[in-house]
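> Take a look at this one; I'll ask things after.
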2 protein chains.
Amino acid sequence: MHSAEEISDATGAVSTGSDDTLSSSATTNRKTSTTGANGAEGPIGVKKENKRSKYRHVAAYHAKVRHSSLTREPNVTASFLGFRNLMVIVLVAMNLRLIIENFMKYGVLICIKCHDYRKQDVVLGSILFALVPYHLFISYLIELTASKQAKQVVGQRKRNGSAEAAERDQRTFRLTWWLSAFFHCINTLLSLGVTSFVVYFYIHHPGIGTLCELQALIVSFKICSYAFTNRDLREAMLNPSMESALPEIYSSCPYPRNITLGNLIYFWLAPTLVYQPVYPRSSHIRWSFVAKRLFEFFCLTVFIWLLSAQYAAPVLRNSIDKIAVMDVASILERVMKLSTISLVIWLAGFFAVFQSLLNALAEVLRFGDREFYTDWWNSSSLGGYWRSWNRPVYLFMKRHVFSPLVGRGWSPLAASTVVFLVSAVLHEMLVGIPTHNLIGVAFAGMMFQLPLIAITAPLEKIQDPSGRVIGNSIFWVSFCLVGQPLGALLYFFAWQAKYGSVSKMGV
Amino acid sequence: MHSAEEISDATGAVSTGSDDTLSSSATTNRKTSTTGANGAEGPIGVKKENKRSKYRHVAAYHAKVRHSSLTREPNVTASFLGFRNLMVIVLVAMNLRLIIENFMKYGVLICIKCHDYRKQDVVLGSILFALVPYHLFISYLIELTASKQAKQVVGQRKRNGSAEAAERDQRTFRLTWWLSAFFHCINTLLSLGVTSFVVYFYIHHPGIGTLCELQALIVSFKICSYAFTNRDLREAMLNPSMESALPEIYSSCPYPRNITLGNLIYFWLAPTLVYQPVYPRSSHIRWSFVAKRLFEFFCLTVFIWLLSAQYAAPVLRNSIDKIAVMDVASILERVMKLSTISLVIWLAGFFAVFQSLLNALAEVLRFGDREFYTDWWNSSSLGGYWRSWNRPVYLFMKRHVFSPLVGRGWSPLAASTVVFLVSAVLHEMLVGIPTHNLIGVAFAGMMFQLPLIAITAPLEKIQDPSGRVIGNSIFWVSFCLVGQPLGALLYFFAWQAKYGSVSKMGV
């Protein structure tokens, strides 16, 4: 109707009225009768009230100066919302085409019975999986001993409050801490070391190995957090002061009342790596919520498996020759083909674990704080991404590595470097040990984050939205489109070089 | 900083302060000195003013109930702007990959010297191109005669103003109109007929043929508009009345003063198909604007040629076998592969012609109304698309076909059907004649718009944005992703079936 209004504005008495309804007949049913009636009166019987000229071929459609909407002129703003829809449609169409192409090339590659794993892998994996949590029990025993000793000190102090006694208490406390720290270290190293050794040398299947290694890492994180937190709680009890005020949420379970097996088991199961004597809790369990999340998790797992078997595996297999002869154009083509698939797998995997699984677990445990991630997809810097995609690990690193180091006078840059160094070692363990190839790619990838963070940090602060778009694009390209598929390709190549056969999993 | 603020809100006295700077070291240079100074004072010397607890391992990071941002909860709104960037990046990456794949398969297919056209095509095309505008000159002569006669009538009427004379004037006017209409028809049909005949039988090259046919169509449109408009102007002069008031913009050049060769030549060159004695004009020619538009046009033309030769031609060639044996999956795959390419060619071609070329032409002619298109890419219905993508043809159809029919009492639906019928015939002429295959696909495609318009018209009126998104998606899929590539494929197949050789143009 826009142009008709403009024309009638410009031509005064000569209105083109409802003529703009060409090809939008459905919208003009209301007007049809009026127009028809006018028409029936013939060219002579036009009513005075109707300002329409009887001469229809003379309407001045070009009545004023106007700009094309794509010309950059002041006062001309164009909306491009339609192109957003087009992008989605083209993406869907391009990927549908690739699905058809893949089907015509390979047929159906999915095969449930073809999956080969050795019996030894399953047995060893199950034993490891069952044994690792006992390390948490050992750390409980260590803390129980330490807490008993602390209670004893507090009891003695009531009877004998001299300065000399306080001095002696302090010494005792330090000795207790060093002893318990020593045992905690042994405990953690044993947990990680035994698991890594068994996985690296005796569990061939990379999937089973990854699960075992992941559990050992999580348990180690939890032991560390449990030990550090209880150390500080103990010291706060021994030296009550304004400065050592504890969070109010802990007041319902003061030290050492939190050193119970039940409290530890809750921490073991809870979707967090940061120990707190008390957590915010939800009021009740919504079982329908749990069911929905588990259903999501199941569907996404199947989806990821289909993608890996049908789409990722052929791409990986076809790229072996090209990597071997270092054909750069072909490697680039393979990385790009893999990048879309690995991106979808990554997004699905993220949703499956951080949204579906952790939310289901939290709901069952009535764990209140569900912020397992924030909107990392909008990150305008790599730093923003690492702060937001995996909150459990981020919070652990912040509370037990970064913050204490800064408290001791380290610069934030140095403390961040330590955090990424620790993270790089753990990533290499998590990827390199189950694939039996400690080739250092995961380590290097994590360390490479530091310069990327430094480069993108200024972009985050630019007020103009284009800075944020550039930062966000650098994040997506470096992380999801280059980093991950390249890493997957290199570990797959190393696996092939070592074992010579193609894993049916395609990992 | 978000989470740190939340935590400090929740924990009261125990603030985690600047600890949230983990991995964003660059943003915390300002704070480093403060933190460092505090740290240097050691665990004992914490100042009262600084509310930080000296125990860093006890901070309550899980201090309140929070939802995951992807969980659908009231008060939880997530922003997905980052995914828009990701879509753009993935589109670029996927197409870059296809470019590499294409290069590895075919090498460079672009070859300037390889282009084969017959000498006869060029000679005949040039003659046609030069002769067609003379039909406009003939229509000028017809209108000149008619205007002289009308002036004579007006002169006679001044001397003899009886009712009988008015009756006779009316008869004379009608006779003049039927005579001039007859000659205009002959003229138009000759212009279209001769061109179509020569192109169909004697110009092999489809590109040269299309240019000739297009010019003949444009000139025919202009002759029609010139004839109809002058008919109404003449009648308005003979019967001056309130109802026949003309647009004010025409007052500077009243009939018959507009019947001059200069006025017609301006209409011939002007980027419009709708004749007006007077057009809105811009004040001066910005030659830099003209140069920029022509540069755009040149670059886009080269771009389209590269796309056609390097990407469209192989896809079309590879699809011949599949169409011949009616392999549905393969045809679908080919249409999808072609759709992205044809979409880009279409968008580039639209911009080249409707933005660059027509704006350059308008600037040189100081033609003021540059609304050659409106934002058709946002169309939420097919009707909206046809009203906005090609304004010159739309305005012609509206003024000289749709509006007069509605004025005679036709329903808008019937009038729209006539418009699309005319348009379908002209589309088939424009595509079928230069490719020497009047297979009716373009005709059917245009007629198929009517049901699509009827289906999408209700979507346009839905208040909810999702209705508009659905309508817009139907438009993109039906028009750009299925209609155009399928049409191109069918005409290419017909061409191959008739001539058996692959045109190096790939059209």
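In case you wondered, yes, glycine gets a Cβ from its N, Cα and C as well.
No curator has checked TrEMBL annotations; they are predicted automatically.
Take a look at what TrEMBL says about it:
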REGION    B:1-46  region 'Disordered'
COMPBIAS  B:13-37  compositional bias 'Polar residues'
TRANSMEM  B:81-100  transmembrane segment
TRANSMEM  B:121-142  transmembrane segment
TRANSMEM  B:177-203  transmembrane segment
TRANSMEM  B:294-313  transmembrane segment
TRANSMEM  B:343-362  transmembrane segment
TRANSMEM  B:405-426  transmembrane segment
ACT_SITE  B:His427  active site
TRANSMEM  B:438-457  transmembrane segment
TRANSMEM  B:469-494  transmembrane segment
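How buried are these features, and what lies next to them?
Residues 180, 183-184, 187-188, 190-191, 194-195, 198-199, 202-205, 208-209, 211-212, 215-216, 219-220, 222-223, 226-227, 259, 261, 264, 268 of the same chain lie 6 or more positions beyond the ends of the transmembrane segment (B:121-142) yet place their CB under 8 Å from a CB of it.
Within the chain carrying the transmembrane segment (B:177-203), a Cβ under 8 angstroms from the stretch's Cβ atoms is held by residues 120-121, 124-125, 128, 132, 135, 138-139, 142-143, 145-146, 209, 212-213, 215-217, 219-220, 223-224, 227, 231, 429, 433-434, 436, all 6 or more beyond its ends.
If you look at the transmembrane segment (B:294-313), the same-chain residues 6 or more away from its ends with a CB under 8 A from one of its CBs are 98, 102, 106, 108-111, 338, 341-342, 344-345, 348-349, 351-352, 355-357, 360, 488, 502, 504-507.
Counting same-chain residues at least six beyond the ends of the transmembrane segment (B:343-362), those with a Cβ under 8 angstroms from any Cβ of the stretch are 269-271, 289-290, 293-294, 296-297, 300-301, 303-304, 307-308, 312, 368, 370, 372-373, 389-390, 480-481, 484.
Using a Cβ-Cβ cut-off under 8 Å and counting only residues 6 or more beyond its ends in the same chain, the transmembrane segment (B:405-426) has close neighbours at 217, 393, 397, 442-447, 449-450, 453.
Within 10 Å of the Cβ of B:His427 (active site) there are 20 other Cβ atoms, across all protein chains. DSSP assigns B:His427 (active site) to a helix in the three-state reduction.
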> With a Cβ cut-off under 8 Å, give me the same-chain residues at least six positions beyond the ends of the transmembrane segment (B:438-457) that come close to it.
380-383, 386, 416-417, 420-421, 423-425, 427-428, 430-432, 471, 474-475, 478, 483, 487, 490-491, 494
> Can you name the far-off residues of the same chain, 6+ from the ends of the transmembrane segment (B:81-100), with a Cβ under 8 Å from a Cβ of it?
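Contacts of the transmembrane segment (B:81-100) (Cβ under 8 Å, skipping residues fewer than 6 from its ends): 311, 340.
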